[in-house]
Each structure stands twice: as C-alpha cells, then as structure tokens.
Amino acid sequence: MSAQARVAVLGAGSWGTALASLLARHGVHTTLWGRDAAAMRGMAEQRLNVRYLPHSPLPESLHYSADLAASVAGADWLLVVTPSHAFRELIEKLATLPSRFHGIAWATKGFEPGTGRFLHELVEEILPGQPGAVVTGPSFAREVVDGLPTAVTVHSDNADFAQTVAEQLHGPTFRAYTGSDLLGAELGGAMKNVLAVATGVADGMQLGLNARAGLITRGLNEMLRLGVALGARAETLMGLAGLGDLVLTCTGDLSRNRRLGLALGRGTPLKQAVAEIGQVVESVQTVDEVMRLATRHEVELPIARHVQRVLHEEITPAEGLRLLLAREQKPEYPEPFPVQ
Ligand SMILES: NC(=O)C1=CN([C@@H]2O[C@H](COP(=O)(O)OP(=O)(O)OC[C@H]3O[C@@H](n4cnc5c(N)ncnc54)[C@H](OP(=O)(O)O)[C@@H]3O)[C@@H](O)[C@H]2O)C=CC1
Ligand SMILES: O=C(CO)COP(=O)(O)O
C-alpha cells in the first residue's frame with residue numbers, strides 16, 4: 001500500500017479551512033496552518049473555524065498548527081490560501097525553511113499588489129525550479145465545506161504536479177479538472193472579482209436582470225481581450241477559471257466582491273461596506289493591478305476602469321453607470337474576435 005499523502009494548507013480563513021477539510025475527508029494527512037496561535041488552538045479543540053465557517057464542523061482527522069516550519073516539514077506538497085497581499089511574504093518565509101516538498105499550489109485569487117505580477121511569477125522568482133499550480137474555479141468555501149457539488153480546475157506547467165493536486169482534491173462531490181494555462185487561470189480568477197463588483201453595483205441600484213446579463217457578458221469580453229493580449233488561452237477563460245467563476249461571483253450573494261458592489265450600489269460608503277463584510281475582498285486591490293496590466297498592454301477595459309474609479313471614490317456608482325451607458329455605439333466584437 002502506498003504511504004498516506006501529506007499536505008500542508010497555509011492560510012486558515014474560509015477557503016483554506018474548506019480545502020483542508022476536503023483533503024482530510026479524502027484521506028490525505030492534512031495540516032491547516034494559520035498565523036493566529038489562539039485561533040488554531042480553538043479550532044483543534046472545537047473542530048470548528050468559529051470566525052470564518054462557524055456552522056460547518058471540521059473532520060476529526062484534520063490537524064492544526066500555528067508553527068509554519070513544523071506544518072511544512074514532511075509535507076509532499078503545499079497549498080497556499082492566504083489573501084494576495086500576504087502571498088509574497090509567505091513564499092519568502094517558505095524559501096528560508098529547510099523543508100523540501102514536491103511542489104507548491106495556491107488557491108489565492110489576485111496579483112501582487114503594486115506590481116501587477118502574477119502569483120506564479122512570484123513563485124518562480126522566490127522558489128525557482130519548484131513545480132507550481134493554481135487551484136481555481138467557481139467555489140464558495142461554505143458550499144465546499146458543506147459537501148455541495150463543486151467543480152474546479154488545477155493549472156500548472158508541470159502536468160504531473162497538476163495531476164497530483166487534482167487527484168487529491170477530487171472526490172465524490174468535488175470535481176477537479178487539470179490544465180496547463182497558469183496565466184489564463186490566474187487572470188480569470190482575479191478579474192472576475194472586479195466584474196462581480198460591477199454586477200453587484202447594478203443589482204444594488206436595482207437596474208434589473210438585463211443589466212446584470214449585459215455586464216457579465218461584456219465583462220467576459222474584457223477578460224478575453226486582456227487575457228489573449230497577455231498570452232492566456234481563450235478556452236481557459238471560457239471554462240471554470242473564467243466564465244464559470246464569473247457567473248458564480250456575479251450572481252451568488254455568498255460572494256464578498258458582489259456584496260461589496262451591492263452595498264456601494266445601495267449608497268453605503270466604501271470603508272463601511274468593506275468593514276461590514278469583515279473578510280478579504282480581493283477586488284479592492286486587484287482592480288488597480290488589472291488596470292495596470294491593461295494600460296501596459298494597451299487593452300481598453302471600460303467596466304473594470306469604471307469599477308476602479310468607483311472603488312477610488314472618484315465617481316459615484318450612478319456616475320459610473322451614466323458614463324458607461326454614454327460610451328459610443330460600436331460593433332459587439334473587436335476584429336478579429338479573440339476566440340479563434
Ligand atoms: N472564500 C472563498 O469562497 C474563496 C476564496 N478564494 C481566495 O482565497 C484567498 C483567501 O481568502 P479567504 O480564505 O476567503 O479569506 P478570509 O477572509 O476568509 O480569511 C483570510 C485569512 O487569511 C489570513 N491572513 C491574512 N493576512 C495573512 C498573513 N499576512 N499571513 C498569513 N495569513 C494571513 C487571515 O488570518 P487572520 O484571521 O489571522 O487575520 C485569515 O485566516 C483569497 O485570495 C480569495 O480570493 C478563492 C476561492 C473561494
Ligand atoms: O472566488 C470565490 C468563488 O469562486 C469567492 O468569491 P468572493 O471572494 O467574492 O467571496
């Protein structure tokens with residue numbers, strides 16, 4: 001019989017806890033690491049993540065730790081699930097540890113704040129030669145931890161590592177597909193958060209279902225145009241990592257990014273809306289990095305640009321809407337359409 005696989009999940013918020021719980025249920029020896037020692041002790045005692053997933057009991061077999069070196073020691077591979085703003089710091093800490101693992105996966109959605117660099121670029125820079133993979137797709141933590149059916153995708157340059165990660169995540173209610181387009185998969189997961197703010201704003205302003213469908217579709221168009229300019233594959237963005245997550249986050253009220261938009265659309269000030277959500281809302285940082293990439297690659301992204309102006313409080317949601325509707329009439333598709 002082969003030895004039991006060992007994985008360390010790094011980041012004990014809602015998504016890290018849900019993925020760790022899933023791996024433990026699949027028979028993988030899983031340690032969930034979080035930076036707050038008291039919170040990790042509490043989780044071990046109560047078998048519950050009281051702060052982030054208070055209604056979902058965690059499996060008996062899941063291990064908890066606030067000691068990064070001990071969590072990583074002996075792990076076959078790592079799964080990083082911190083917010084994007086903490087990603088570099090954690091990877092740099094991992095680089096100082098003596099432990100050797102077969103690969104590093106991440107389920108974080110976003111870019112390095114301030115540079116627009118992709119997370120796989122940070123891993124390549126800080127841990128050169130290490131196989132890397134992104135786990136992404138339409139997946140609310142609460143539904144995953146409650147065992148509701150979910151499909152995600154695991155993209156890597158290293159097909160063996162993508163397969164290992166996908167096989168261990170895959171289970172009776174969780175389908176994990178594989179792919180080899182790291183850049184496209186990361187871009188889809190990051191951009192959908194910005195577009196979810198736009199549909200949230202429209203719904204918060206009660207603009208109707210036509211507006212929501214229009215924004216999702218034109219948002220997908222923005223994702224495709226930027227993605228293809230950057231070298232992503234169109235099929236990645238038409239799949240779980242792009243369209244799938246876009247639909248989920250633009251329509252599902254479990255989305256923090258959509259809820260931010262809803263609150264802004266109803267007139268709640270940004271600071272108050274973010275504070276009331278009380279969890280990571282990646283779009284607040286991601287929008288600047290998306291626009292940085294768009295400017296660098298000369299791609300026009302009207303929806304993302306107006307979300308940025310609303311999030312910077314340069315314009316109100318109502319002004320954003322007026323400006324978007326006042327744009328010139330034009331063909332639906334650019335020539336040639338990016339999906340070949
Ligand atoms: N929730 C979901 O459904 C999904 C989330 N994601 C992505 O997963 C990532 C994490 O989000 P999520 O788990 O939801 O966030 P949460 O808001 O639920 O939790 C954030 C977690 O990150 C921890 N954290 C913050 N800063 C640091 C740091 N510097 N070092 C280590 N840990 C830190 C927090 O610790 P503390 O409590 O001590 O502050 C907390 O445990 C995001 O990129 C998100 O987009 C992707 C798919 C689904
Ligand atoms: O990425 C997610 C679902 O796939 C979670 O979305 P939010 O971060 O908007 O809650």
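Placement of Cβ uses the backbone N, Cα and C atoms for every residue, glycine included.
TrEMBL: automatically predicted annotations, no manual curation.
From a predicted model like this one, the values you see are computed outputs, not experimental measurements.
Per TrEMBL, active site, proton acceptor is recorded for Lys192. Lys192 (active site, proton acceptor) falls within a helical segment according to DSSP. Its Cβ placed at the centre, Lys192 (active site, proton acceptor) has 32 other Cβ atoms within 10 Å.
Cβ contacts within 10 Å of Glu282 (NADPH binding site), excluding its own Cβ and spanning all protein chains shown: 22. Secondary structure at Glu282 (NADPH binding site), as computed by DSSP, is coil. Sequence annotations record features per position, and here TrEMBL assigns NADPH binding site to Ser14, Trp15, Arg35, Tyr52, Lys109, Ala141, Arg256, Val280, Glu282.
Per TrEMBL, the feature sn-glycerol 3-phosphate binding site maps to Lys109, Gly137, Ser139, Lys192, Asp245, Ser255, Arg256, Asn257. Sequence-distant neighbours of Ser255 (sn-glycerol 3-phosphate binding site) (same chain, 6+ apart, CB under 8 A from its CB) are Phe140, Ala196, Gly200, Leu248, Thr249. In the three-state DSSP reading, Ser255 (sn-glycerol 3-phosphate binding site) counts as coil.
What TrEMBL lists as domain 'Glycerol-3-phosphate dehydrogenase NAD-dependent N-terminal' is 7-161.
The DSSP breakdown of the domain 'Glycerol-3-phosphate dehydrogenase NAD-dependent C-terminal' (181-319) into helical (H, G, I), extended (E, B) and coil residues amounts to 106 helix, 0 strand, 33 coil. Positions annotated as domain 'Glycerol-3-phosphate dehydrogenase NAD-dependent C-terminal' by TrEMBL: 181-319.
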Review point. Could you state the CA-to-CA distance between Glu282 (NADPH binding site) and Gly137 (sn-glycerol 3-phosphate binding site) to the nearest Å?
Key: 15
**Study point:** For Ser14 (NADPH binding site): DSSP state (helix, strand, coil)
**Key:** helix
Exercise for review: For Lys192 (active site, proton acceptor), identify the closest of the binding-site residues Arg35, Arg256, Asn257, judging by Cα separation.
Suggested key: Asn257
Practice item. Please give the greatest C-alpha separation between any two of the NADPH-binding residues Ser14, Trp15, Arg35, Tyr52, Lys109, Ala141, Arg256, Val280, Glu282, in angstrom, as a whole number. Key: 22
Revision key, fill the gap. What remains of the recorded positions Ser14, Arg35, Lys192, Arg256 after requiring a CB under 6 angstroms from ligand 2 is Arg256
Review point. Cα-Cα separation of Ser139 (sn-glycerol 3-phosphate binding site) and Ser14 (NADPH binding site), in Å?
Key: 11
**Study point:** From binding-site residues Ser14, Arg35, Lys109, Arg256, the one whose Cα lies nearest Asp245 (sn-glycerol 3-phosphate binding site)
**Key:** Lys109
